[in-house]
Structures are given as C-alpha cells and as structure tokens.
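Annotated features in TrEMBL:
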| type | residues | note |
| --- | --- | --- |
| REPEAT | 37-152 | repeat 'MBT' |
| REPEAT | 160-260 | repeat 'MBT' |
| REPEAT | 268-378 | repeat 'MBT' |
| REPEAT | 386-482 | repeat 'MBT' |
| REGION | 488-648 | region 'Disordered' |
| COMPBIAS | 492-507 | compositional bias 'Basic residues' |
| COMPBIAS | 518-536 | compositional bias 'Basic and acidic residues' |
| COMPBIAS | 568-583 | compositional bias 'Polar residues' |
| COMPBIAS | 592-607 | compositional bias 'Low complexity' |
| COMPBIAS | 614-623 | compositional bias 'Polar residues' |
| COMPBIAS | 632-648 | compositional bias 'Polar residues' |
Amino acid sequence: DVMPQEEMPQIMPAKREPICAEEERIETVRRRPGDSFDWTPLLGAVSFAAAPVSCFRHVPGHDVWSKVSVGMKVEVENTDCDRESQTTAAALGYVPHSFWVASLLRIQGYKGLLRYEGFDEDSSHDFWVNLCSSEVHHVGWCATRGKPLIPPKTIAKKYSDWKAFLTTRLSNARTLPTTFYNRLSESFKSRFRPGQQLEVVDKNRISQVKVATIQKIVGKRLYVRYYDDVDDNGFWCHEDSSLIHPVGWATTVGHRIAGPLHYMNRMGQANDAMIELLSDDATHDLFKMNFTYEEYYLDGKVSNFKVGMKLEAIDPLNLSSICVATVMAVLKFGYMMIRIDFYDPVANGTDWFCYHEKSPCIFPVGFCAKNDIQLIPPAGYTPNKFNWDDYLSNTGSPAAGEELFNMEVPNHKFQVGMKIECADLMDPRLVCVATISRVVGRLLKVHFDGWEDEYDQWLDSESPDIFPVGWCVMVKHRLEGPKVSAPVRPLAVKKRSKKKMRGRRAGMKSQTSPVSVKADKEAGSRVTRGDRRSDGMKFTQSISIKKEARHSEDEEELSGGESDISEQTNQTEHSDTSSSLAGTNIVDRIKPTTQSSSSTSPLSNPPSERKATSYINNSSVSSPKYIPRLNDTGNSPDIATVSSGTAT
C-alpha cells in the first residue's frame, strides 16, 4: 500500500516568494455562520446571479479576478477523511492536515462552487468557499509546503493509482498564479490608518463639514468620529466616499466647516499661505476623485454652472428619490452647493449639499422623463402636473445644459436581478443583502431584499458602497439579511395608528414619502432607518443616536476569534490509504485580511460554509508516498503538460 520514492513527473518549482509572518495560519471560512446572513443556501439556485467581482473596481481582488475562471483546479482542505493518525501526529509535533485537488464549477461573487477531483458527475460533496480566503491555493502549494494530498474517504478506493489519476487530470489544466494571494493581500490594505484627521460631512447639518478622526477600519470602510462628539456617535463610510475630504479641503474650496479652535486658527492662517500639515493630517493624495485640482488652477478651468440654474439630483436625505434642484452657490475647483426644491427653503442654507460638477448623482433637466423615472417636483407641485418648461418660466431660472454634466457611461456589466451586498446609506454601519432592480446608464437602483421600494437607493455603478456577494464574510463585516415578515396574529385587535421607523433588522418600517419626509424635516428631524445598532451614520438633518451595545460574539471576534493548535488538533483527519506530498520549497501564502497597521478588529463573526481546521504547521510529511508536484510557472495560469523530473 505504500508507494516507494521514485522518479515521477512534475513541473519545476516556481520561484520562491517571500514569507509573511502569518503564512502558516489558514483562516477557514467553511464554518457555521454566526448572526451574520449566510448566502450559501441561495447560491445554487438556477435563478440566482451575483454581480461579478470584476464589476467592483474598489474591492479587494478586482485587479486579479481575471485569473479566476470556471474549470480551473485548486488545492483545498479535504474535510472528507479519517482521524486515525492524530495521536501519531501529535507525538511527532505537528498537526496533520489533508488537502485535495478540486475543480471550480461555478462562481457567484467571491464564492466558488468546488468539487473534489474523483467525484466526476457526483455532486453530493460539492461545497462553496470564498475564493479569496486563505484555504484555497494554487495547484502545487502542497508540494512546496510539505502538506499531504489525500483523496476523500468517500472515493478512496475508487482508483488504485491516485498519482496517475492526478497526473491525467492536471495535465494542461489551469490554476491560480502563485502570486495570486500576494497581490490579493495588497488590495486589502487601506490607504488610511486609524488616528488620521480629515474633514467629513456633518451628518446633523449636511451643508457643512466637520473635523473628524478615523477610529477604525474594516474592509476599507472607515469609522470616523467628529472632534466634538463625546458620545462616540460617528459614522461609517468607504475610503473612496465623496463624503470625506483631506485636511484643508473646506478652506481650499470655500465650504463651510466646523472644527476645534486650534484647527480653525491653522486654516485661517492658510488663507494667505500654504496650509501647514501635521503628521496625522489626511492629505489629498489619499482620496479618490474623478478630477484633478491641476485641471482647474493650472489649466484655468472654471465651472460653467451658475447660481440659480435648475437641474435634477439624487436627494441626499432620501436616496430613493431624484428631485428638482437648484444651484445655490458655486465654490472653487468645480464644487457647488445645491438645494432640493421639494423642501421649503431654510434661511441659513443648512439644507444645501455639496456636489462636484462631475458627480454622477446630478443630472440635466429632463433626465428622469427621458428614462421613465419619477421626478420629485418642487414644493407646491404634484408629479403628474409638473412641467419643466412651465417651472423654468415661472421661476425665471435657466436650466443647466446637458453638456455641463458627466454623462459618460462606463462599461460596468451590472444587470437587473444581480445580487450584491450594499451599505444602507441611511444607516451606513449596516451592509445588507440587496438586488439591482434598475440600470439606467451608469445609474443603479438598489433594492434591499424583503423591504419596500421606498427604501431603495440610487447609486452610481462605481459607488464604493456596493460589494460582491461574499465581501462581508471575507472582511469580517456583519451582513444584514432580508427582512422576514412577522407572522400575523389571529387575534382581533383594535385598529390604531402608529409611527413607523425606517428600520430593517427588527422588521420596522415606515410608509415614508417625500411628503412625510418634508413634514419631518420641518419638525427638525427626519424619519430614519434607526431601528438597529446605532453608532453609525444616519444621514439626516437632526437625529438621536444611542451608543451601540456590542454582542458577546462581536467581542470574541474582536479578541481574535480563533482557537489554538490544541483545539484544532481534534479536528484533524488523516487516511492511511492516502498519498502524501512532501517538499522543501516554501512559497508565500498571504492571509487575505487587512494589515494591522491600517485596519482594526472585525465587527462580528462572519458567515461560513463548512467546518474545517484553522492552522497549518510548517512540518514536513514523513510518508514516502508522493503525488506529482504541480506549480504554475511565472505569470501563466496554465498548468503545463507534465514533464519528467526527480522528486525531492
């Protein structure tokens, strides 16, 4: 039963990659999910279609996702094996882990459906994994780490010569590049770090920005806290968000700002000189913009938008609505302040909001009519009786010409019906299960599953607030599931009216319309989606927020959430009929999580698919049985035809 060492076909080992400190830890995501929503039961449905990772330019792995394709081979932990060698393994001082080759059958966002080689058409043991997790490896990874390739117990007796079987199956096949996880790891790193100071839109007064500090980072999402916030009621936003700006931005463009006295004095001194930057100041090179300052002050470009011009814009206080709007002020470098005409004007301009002239959230007059979108008219008008020509004539206002807007449509590949994960921008601590319900050029209408259309959000196709399926579990961010309707009680109760909050998690909702929003605004506050943990941003004029109470599961995850080697030993399985693969070349396997220098502990335990072990020791396997070493070479993802060589 034991195969002697002998010359066998192999591919020459790839160039050795640098080894990171955490290289031997495998953080599996094939475990039972906690309180975060788990996509797995839905992924196999014929009608289920997740938006491809390639659609999201801001997410980890976008630049290397072209290397992932259906039919490719990978090495993955084999959870279908025996435990007979645990005692021996413990005596030898290492924890044995078995691996096997699998084929990628289907891709849904970050998720991949795998089937172990040897099961042929049998789908009974197929399983979903996150393809960007550190439990999935290129073919040849085991060879360079001295990890055993062990066929699944269920089919262990199906073939007498597994070496020949794998040689045939892997010849001319494709696998991941050896540098895949190195490059993936780099894409997890945030440009920012906790402790940096920046200027952020004031969630309680959207017409101004406030000085704030980054408290933590999860998956490139920043939790920022305002300088005067004693209750820690900051909010979450992505590092590419247009709601955050570098130190000195407000002074540079002429925007209203609130900050501590020493900060305001520093900005005041910069009116006639360069802004003095400190070590914790977030500088403009860290921020993503769709324009450059140089094109304005070097090329002499000036904005063609004028005060009083009319346009259509997404309401920043009600993202499901596109409304008639007015340019109220023109700032520097293409920025301008607009007001939504549906609301009654406020004398001090606190209802204005800053958009850049290249923003994808503003549109020319007639955009909604052209694309069959309901336009929210100004105060005093009804949608079915509003006419742009009459309104412009009655107000004596010019319409902003179409040539002033950014109407370029990127080749984004989003389609109606695709599933995504999306931040609820009315309470952006929450990332929720969502579906794309409309595509209008570069504009997407995102529907939160299980919720009424009034909660929908119009977002740009390049918005940093939408993510592929599997993003939350990958970065350890809680995912909110669809709303589940409460069962109707068969008891007769007296009918009564009641206020309804805009909330998802507890099943609360409101019949919020632009009219009701207007009424709330006039009363000094807006109906919010606040029926959830509330330390995040509620993008409103006036809100009341309570500090989040952390769950015990969250605390466990923040403290590490991983068991030690002794706890993992009893999960290790081994088969005496297996074939093992020893090797001396150690190549890098980067754990695809954010680095400690630029991120903090995760929010909560992520969902997972299958239970598996979490650690790998750097111990060679003493078994004399071998299976061909197959490494992809260079940048080519092809597994070359097996050639003759000597096992080492």
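Note: Cβ is positioned from N, Cα and C throughout, glycine not excepted.
Predicted automatically and left uncurated, TrEMBL annotations should be read as such.
Across the residues of the repeat 'MBT' (268-378), the predicted structure has a mean pLDDT of 92.
Summarised by DSSP class, the composition of the repeat 'MBT' (268-378) is 16 helix, 34 strand, 61 coil.
With DSSP classes pooled into helix, strand and coil, the tally for the repeat 'MBT' (37-152) is 25 helix, 30 strand, 61 coil.
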